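Notes for the one structure printed next.
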4 protein chains.
Amino acid sequence: MRIGVLTSGGDCPGLNAVIRSVVHRAVVDHGDEVIGFHDGWRGLLECDYRKLDLDAVGGILARGGTVLGSSRVRPGDLRDGVERARSHVAELGLDAIIPIGGEGTLKAAHLLSEAGLPIIGVPKTIDNDIAATDVTFGFDTAVGVATEALDRLKTTAESHQRVLIVEVMGRHTGWIALHSGMAAGAHAIVVPERPFDILELTRRVGERFEAGKRFAIVVVAEGAKPRENTMAWDEGGKDIYGHERFAGVARQLSVELEQRLGKEARPVILGHVQRGGTPTAYDRVLATRFGWHAVEAAHRGEFGMLTSLRGTEITTVPLAHAVETLKTVPAERYAEAECVL
Amino acid sequence: MRIGVLTSGGDCPGLNAVIRSVVHRAVVDHGDEVIGFHDGWRGLLECDYRKLDLDAVGGILARGGTVLGSSRVRPGDLRDGVERARSHVAELGLDAIIPIGGEGTLKAAHLLSEAGLPIIGVPKTIDNDIAATDVTFGFDTAVGVATEALDRLKTTAESHQRVLIVEVMGRHTGWIALHSGMAAGAHAIVVPERPFDILELTRRVGERFEAGKRFAIVVVAEGAKPRENTMAWDEGGKDIYGHERFAGVARQLSVELEQRLGKEARPVILGHVQRGGTPTAYDRVLATRFGWHAVEAAHRGEFGMLTSLRGTEITTVPLAHAVETLKTVPAERYAEAECVL
Amino acid sequence: MRIGVLTSGGDCPGLNAVIRSVVHRAVVDHGDEVIGFHDGWRGLLECDYRKLDLDAVGGILARGGTVLGSSRVRPGDLRDGVERARSHVAELGLDAIIPIGGEGTLKAAHLLSEAGLPIIGVPKTIDNDIAATDVTFGFDTAVGVATEALDRLKTTAESHQRVLIVEVMGRHTGWIALHSGMAAGAHAIVVPERPFDILELTRRVGERFEAGKRFAIVVVAEGAKPRENTMAWDEGGKDIYGHERFAGVARQLSVELEQRLGKEARPVILGHVQRGGTPTAYDRVLATRFGWHAVEAAHRGEFGMLTSLRGTEITTVPLAHAVETLKTVPAERYAEAECVL
Amino acid sequence: MRIGVLTSGGDCPGLNAVIRSVVHRAVVDHGDEVIGFHDGWRGLLECDYRKLDLDAVGGILARGGTVLGSSRVRPGDLRDGVERARSHVAELGLDAIIPIGGEGTLKAAHLLSEAGLPIIGVPKTIDNDIAATDVTFGFDTAVGVATEALDRLKTTAESHQRVLIVEVMGRHTGWIALHSGMAAGAHAIVVPERPFDILELTRRVGERFEAGKRFAIVVVAEGAKPRENTMAWDEGGKDIYGHERFAGVARQLSVELEQRLGKEARPVILGHVQRGGTPTAYDRVLATRFGWHAVEAAHRGEFGMLTSLRGTEITTVPLAHAVETLKTVPAERYAEAECVL
C-alpha cells in the first residue's frame with residue numbers, strides 16, 4: 001500500500017508518536033510505503049511531501065510538535081480544494097490518507113471521504129471535546145502541565161494571601177479546567193458549559209476566607225462567560241489598530257474578585273505551554289495505538305472511519321459521527337468535582 | 001452515616017486522594033462522620049483509628065503514600081479475624097467500611113462482605129492487574145516514572161554503545177513494562193505472560209547492532225521468566241544466612257546478553273520509586289472519583305461492591321468478580337507494541 | 001539563645017528550607033529556642049509569632065511558599081516601627097533576629113541593625129539581583145521553571161511557524177531571562193539593563209526566517225523597555241476604573257513583531273509559577289546552608305551581617321553592602337549568550 | 001582557526017551543550033572551522049571525525065548524551081598513541097583540540113599537552129570531584145535526579161514503616177550523596193570520605209524509630225565502605241563464571257540494618273538514570289559558558305589550560321592542576337548536613 005499522513009490544526013503533544021507508529025506498522029510489518037505531507041492539508045493541496053521511512057521517524061516519539069508541520073488550511077477553503085486533493089491522490093498513487101487532527105480537520109476529512117477519497121482519520125485535541133472517542137492524546141499532557149502549574153501556584157497563593165485566577169485552555173468545553181482543577185484541588189472551577197454568576201463565585205471564594213483560609217485558587221477555562229447581564233463583559237477583540245486586545249476571562253475575573261472581596265487577586269494565563277513539549281506516557285501510548293490501528297483499518301479497507309478509544313480498546317467509528325457533536329462536560333461530572341460553579 | 005476507611009497492601013500513588021475524596025463527599029455533602037483505621041486491616045482488628053474531618057485531609061491530595069498507614073495484615077490471617085472485625089464494626093456503629101487495596105485486600109474485603117459486613121471496596125494497584133476495572137489509580141504514575149527513567153537512559157545507552165536492561169514492577173503481569181516500553185520506544189519488552197526465549201531476545205537485540213544502531217533498551221517486568229529449560233535460571237531466594245540473594249531478571253539478562261552479544265550490557269532496577277511520590281493528574285482524578293462514588297454507593301446501600309472505571313464512567317461491580325481473575329496483557333496488545341517478545 | 005525568624009517580601013522557593021535549617025541547627029545542636037514571626041515584619045511589629053520546634057518544621061523542606069507567611073509591611077513604614085520592634089525584641093528576650101528577604105527586607109533589616117537590634121539577614125530573591133552574594137536560593141528554581149516552559153514552547157512554535165515572545169520575571173535585572181534563554185537556546189534575549197531597539201530585534205528575528213527557520217523564541221524580562229523614542233510604549237498602569245491595564249512588554253513586542261515581520265507572533269507570560277512550588281535541589285541545599293550559617297553567625301555575635309555565597313563557601317558580609325547596589329547582568333555575560341540584544 | 005572537539009569517558013548531561021557552544025562561538029563569531037572526533041580519543045587516534053556546522057548542532061542543547069559518542073580509549077593506552085595523535089593533528093591542520101572529559105580524560109589531555117599539542121580541556125564529571133573548578137556541569141542534573149527519587153521514596157517508606165537505603169553515584173567522593181541527601185532531608189548520609197561504623201549508623205537510624213518516627217532514609221554513595229574490621233564486607237567482584245556479582249553497599253547495608261534493627265530495610269540503586277537525560281538549566285548554562293570560553297582561550301593561545309568556574313566567573317587554570325588532586329567533601333560540609341556519619 002501507499003499511505004499518506006498529515007497533521008493539521010493546533011499543536012498537540014503526541015502527533016509525532018502517531019506519525020512514527022503509522023510508519024513503523026506500515027513499513028516494517030506490511031511493507032507499505034508512507035509519505036508525509038507538509039503543513040497539513042496544504043501539503044496535500046500543493047503536493048508538498050516527503051517520504052517517511054524508519055530513519056525519518058527515529059527519535060521523534062517523545063518530541064512535542066509535529067515533524068511534518070501543521071497549518072490551518074482546509075480543502076473546503078479552496079474552490080477547487082477537493083479536486084486538487086483528488087488529483088494529487090491519484091497522481092501519487094495513494095491507497096490511503098491518514099489525517100491527524102481536531103474537529104476542523106475531521107470535518108475536512110469527512111468532506112474528502114464523501115468525495116470518495118480513502119480516508120482514515122485520527123482524532124487529536126488537547127481539549128477532549130470529540131465525542132467519537134473516550135479520550136484523545138494531548139489532553140492528558142495538557143492536564144498534566146496545568147496541574148503542575150496549579151501545584152506550584154498553591155504555595156505562592158497561600159504565602160501571600162491571594163486569590164489566583166488561573167486560565168487554562170478550553171474555548172468551548174471545560175475538560176482541562178475540570179480535570180486540572182480536580183487534580184490540584186482548586187476551590188472553584190469555571191467552565192464554558194455553565195455561564196457563571198459572579199455573585200455566586202464571589203460568595204464561594206469569600207466563604208473560604210471567612211472560614212479562616214488564607215488563599216483561593218480559581219481555575220477558569222478560557223471560553224468561560226458570565227450569565228447574561230450579570231456583569232460587564234469585555235469580549236476582547238481588536239483594538240483600533242486591529243491588534244488583539246488581550247482581554248480575557250482570568251483578567252476580568254481577577255479585577256472583579258479583587259474589588260468585591262477586598263483581597264489581592266491575580267490572573268495567571270498558562271497559554272501555549274499546555275500544548276507544547278514532550279507528551280505524557282499516557283498520550284504516547286494512546287497516540288501509538290491510534291497510529292497502529294489506523295494502518296490496520298487502511299488494510300481492512302475501512303475508509304471514512306476514525307480511530308477511537310472505547311474503554312481500553314481501540315476501535316473505529318464513522319467520520320460522520322465525529323463531526324456531529326461536541327463532547328461537553330456532563331452535569332454528573334460537576335458533582336464529582338464539588339467545586340464547579 | 002458513619003463510615004470507616006482504610007488503606008491496605010503495597011504503596012500506591014493516589015491513596016490519599018481517595019481518602020480525601022471520601023471525607024469531602026461524606027462530611028460536606030452528606031453530613032456523615034468518617035473515621036480512618038490505622039495501617040490497614042490491623043486498625044480495624046485492633047480498633048486503632050482516628051476521626052477524619054476536613055482539616056485531617058487538608059493538603060494531602062497531591063501527596064504520595066497514605067496518611068493512614070498500611071500493612072499486610074489481613075482478617076483471614078487471624079483465627080478470630082472476622083469476628084473481631086464484626087464486633088468492632090458494631091461497637092463503632094459503622095454503617096459502611098471502605099477498604100482501599102489490591103487483590104489481597106479485596107479478597108479480605110470479600111470475605112468480610114460474605115460474613116455480612118457493609119463493605120464497599122476501592123481497587124488499588126500500580127500493576128493494573130485487577131480485571132474488574134479498566135484502570136486503577138497508581139498505574140499511570142508508575143508508568144510515568146518508568147517512562148521518564150527510560151527517556152533518560154536512552155541517551156546514556158546511545159553515547160556508550162550499551163544494552164540497558166531496565167527492570168520495572170510487575171510480578172504477575174506486564175502492564176507497566178508494556179506501557180512504559182511503548183511510551184519510551186523500547187527495543188524489546190519482556191513480560192511475565194510470555195516466558196521469553198533467550199535466543200530470540202539475543203537475536204532481536206543483535207539485529208539492531210547489525211543494522212548499525214549503537215544501543216538497545218530492553219524493558220523487563222520483574223516477574224518475567226525464561227521458557228522452561230532454555231537457560232539457567234537463578235530464582236534468587238535466600239542465601240545461607242537467610243538474606244535475600246538479590247538475583248533478578250534484569251541482572252541475569254544483562255549477564256546473558258553481554259556474553260552472547262559481546263556488547264556491554266547493564267541492568268537498571270527502578271524499584272520503589274515507581275510506587276512513591278506525587279500521583280499524576282490522571283491518577284488524582286481517578287482516585288478522587290473512586291472515593292466520591294464509594295460514598296455514593298454506601299448511601300445507596302450497595303454493599304459487597306467495588307468501584308470500577310468502565311470507559312469514562314465510574315460504576316460498581318460485585319467484589320466477587322474482582323477477586324476471580326488477574327487481568328493479564330492480551331495478545332492483541334503485544335502486536336501493537338511490536339517489540340514484545 | 002532565643003532566636004526569632006521571619007520571612008518577608010515576595011514568595012521564593014527555599015524559604016521553608018531556611019526556616020527548617022535554622023530550627024534544626026539552633027534547637028538540636030545548640031539547644032536554642034526559636035520563634036517564628038507571622039507574615040514578615042508585621043509579626044514582629046504586632047508581636048504575632050509561634051514557637052518553632054522540630055515538629056513544626058517537619059516535612060517542609062521541599063515545600064514552596066513559607067509556613068510563616070509573608071507580607072510587604074516594613075518597620076520603616078510605621079512612625080514608631082523601630083521602637084515597636086525594639087520593645088518586642090526586649091519583651092520576648094530575643095538574642096538574635098533572622099529576617100529572610102530581598103532588597104526591601106534587607107534595607108529594613110539594616111535600619112533595625114543600625115538601631116542596635118541583633119540582626120543577621122538571609123538574602124532571598126528569585127531575581128538574583130543582590131550583589132552581596134554570588135547567588136541566592138529561589139533563582140535556580142525560577143530559571144528551571146522558565147527553561148522547562150521554553151523547552152515546551154519551542155516545539156509548538158516550530159510546528160506553527162510562529163514567533164513566541166516569552167515574558168519572564170525580572171523588573172530591574174535580566175538574570176532569569178539570560179539564564180533561561182541560554183539554557184533553552186532562545187533566539188533573542190531582551191533584558192532591562194539594555195533598552196532594546198525594535199528595529200534591531202526585528203532584524204535579528206527576521207534573519208532567522210530568511211535563513212529558512214520556521215520559528216523564533218524571544219525571551220524578555222518583564223522590566224525590559226525600548227530605547228527612548230524608538231517606538232510607542234504603553235506603560236500599562238491603571239485604566240479609568242483604577243484597574244491594572246495588563247499591558248506588558250511581551251504583548252507589545254508580539255504586536256510589533258507580528259506587524260513588522262508579517263509572521264504570527266504570540267505572547268506568553270509565565271507569571272507566578274516561577275516563584276511557587278518545590279525548590280530545586282540546588283536551592284534547597286543553598287537555603288539549608290544559609291540557615292545553618294545564620295545560626296552560627298548569631299552564636300559568634302556577628303550582627304549586622306548577611307549570609308553570602310562566595311564560590312562554594314558560605315560567608316558573611318555587612319548588611320550595609322547588601323543594600324548598596326543592584327547586581328545587574330554585566331556586558332561580558334551578554335557576549336556569552338550571543339543573543340542578548 | 002581549525003578546532004577539533006571530542007567527548008570522552010562516562011556519560012554526563014551537558015556534553016552536547018558544550019559541543020553546541022563551541023561550534024556557535026567558533027563558527028559564527030570567529031569564522032572558524034570545527035570538526036568533532038567520534039567516540040572520544042578513539043576518533044583522534046583513528047582519524048574518525050565529521051565536520052560540525054550550525055546544522056550539526058541544531059536541537060542538541062537540551063539532549064542528554066553526546067552526539068559525538070564517547071569511549072574509554074586513551075592515547076596513553078597505546079604505545080604510539082601520542083605520536084598518532086600528533087600526526088593526525090598535523091594532517092588535519094588543527095590549531096586547537098578541545099577534549100571534554102573527567103579525570104582520566106584530563107590526564108590524557110595533559111599528556112598530549114606536554115607533548116606539545118594545542119589542548120584546551122573542558123572539565124566534566126557528574127561526581128563533582130575535580131578540584132580545579134568550583135563545579136562542573138552534570139553534577140546538578142545528577143543531584144536533581146537523585147533528589148527527585150528521594151522525594152518519591154520518602155512517602156513510600158513512611159507508609160510502610162521501612163528503612164530505605166538509597167545508593168547514589170560517587171565511587172571516590174560523596175558529593176552527590178551529600179547534596180541530594182541534604183536536599184531531600186535524608187536521615188543519614190554515608191560517603192566514601194568517611195568509612196562508616198555500622199554500629200553508629202544502626203544507632204542513629206534506631207533513634208528515629210525510638211522517637212516514634214515510622215521510617216528512615218539513608219543515602220549512601222556507591223563507594224562508601226565500613227571502617228576496617230567493623231563488619232563483614234563483600235567487595236562484589238566476579239563470581240566463578242567471571243560475571244559481576246552485584247554486591248554493593250546499599251544491599252549489604254539493608255541486610256545489616258534489617259537484622260540489627262528488626263525493621264524492614266530495602267535497597268534502592270538509582271544507577272544510570274543519574275547520568276542520562278536532559279540537563280538542568282544550571283548545567284546547560286555552565287556547559288554553554290565552558291564551550292564559549294574554551295574557544296576564547298584557543299584564540300588567545302592559552303594551551304595546556306582547562307576552563308574553570310570560580311565564583312560566578314569562568315576562568316582558565318593549568319591542566320596540570322586539574323589532575324593533581326581529587327576534590328573530596330571537606331569536614332565543614334558534613335557539619336552543615338548534620339546527618340553525615
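Yeah, the Cβs are placed from backbone N, Cα and C, and that goes for glycine too.
No curator has checked TrEMBL annotations; they are predicted automatically.
The domain 'Phosphofructokinase' annotation in TrEMBL covers B:2-297.
B:V73 (ATP binding site) has a Cβ environment of 19 other Cβ atoms inside 10 Å. Reduced to three states, the DSSP call for B:V73 (ATP binding site) is coil. As annotated by TrEMBL, ATP binding site applies to B:G10, B:R72, B:V73, B:G102, B:E103, B:G104, B:T105.
Counted within 10 Å of its Cβ, the other Cβ atoms near B:E103 (ATP binding site) come to 18, all protein chains included. Annotation comment: TrEMBL describes B:E103 as Mg(2+) binding site.
Taken from TrEMBL, the feature site 'Important for substrate specificity' applies to B:G104. In three-state terms derived from DSSP, B:G104 (ATP binding site) belongs to a helical segment.
Around B:T125 (substrate binding site), taking its Cβ as the centre, 25 other Cβ atoms fall within 10 Å, counting all chains. DSSP gives B:T125 (substrate binding site) a coil state; it is part of no helix or strand. The annotation substrate binding site is assigned in TrEMBL to B:T125, B:I126, B:D127, B:R162, B:M169, B:G170, B:R171, B:E222, B:R266, B:H272, B:V273, B:Q274, B:R275.
Sequence-distant neighbours of B:D127 (substrate binding site) (same chain, six or more apart, CB under 8 Å from its CB) are B:G102, B:F139, B:M169, B:G170, B:R171, B:H172, B:T173, B:W175, B:I176, listed in sequence order. Sequence annotations record features per position, and here TrEMBL assigns active site, proton acceptor to B:D127.
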Exercise. In three-state terms from DSSP, label B:R275 (substrate binding site) for me.
Key: helix
Quiz prompt | Residue, out of the binding-site residues B:R72, B:R171, B:R266, B:R275, whose Cβ gathers the largest set of other Cβ atoms within 10 Å | solution = B:R275
Practice problem: Could you work out which of the binding-site residues (B:G10, B:G102, B:G104) has its C-beta surrounded by the smallest number of other C-beta atoms within 10 A? | Solution: B:G104
Quiz item: Under 8 Å Cβ-Cβ from B:T105 (ATP binding site), six or more apart in the same chain: what's there?
Solution: B:S8, B:G9, B:G40, B:W41, B:R74, B:P99, B:G121, B:K124
Quiz item: So which of the binding-site residues B:R72, B:V73, B:R171, B:V273 end up next to chain D, with Cβ to Cβ under 8 Å?
Solution: B:V273
Exercise. List, in sequence order, the residues of the same chain other than B:G10, B:R72, B:V73, B:G102, B:E103, B:G104, B:T105 whose Cβ lies within 8 Å of the centroid of the Cβ atoms of the recorded ATP site.
Key: B:S8, B:G9, B:G40, B:R74, B:G101, B:A108
Exercise. Among B:T125, B:I126, B:D127, B:R162, B:M169, B:G170, B:R171, B:E222, B:R266, B:H272, B:V273, B:Q274, B:R275, the annotated substrate contacts, find the widest CA pair distance and round it to a whole Å.
Key: 33
Quiz item: Along the domain 'Phosphofructokinase' (B:2-297), what average pLDDT does this model show?
Solution: 93
Quiz item: DSSP on B:R266 (substrate binding site), three-state: which is it?
Solution: strand
Practice problem: For B:V73 (ATP binding site) and B:R275 (substrate binding site), determine the Cα separation and express it in whole Å. | Solution: 20
Practice problem: State the count of C-beta atoms found within 10 angstroms of the C-beta of B:V273 (substrate binding site), not counting that atom itself. | Solution: 23
Quiz item: Quick one: Cα separation, B:R72 (ATP binding site) versus B:T125 (substrate binding site), in Å?
Solution: 14
Quiz item: From the Cα of B:G104 (ATP binding site) across to the Cα of B:V273 (substrate binding site), what is the distance in angstrom?
Solution: 22
Practice problem: List nothing but the largest Cα to Cα distance in Å, as a whole number, among the residues B:G10, B:R72, B:V73, B:G102, B:E103, B:G104, B:T105 that the record says bind ATP. | Solution: 13
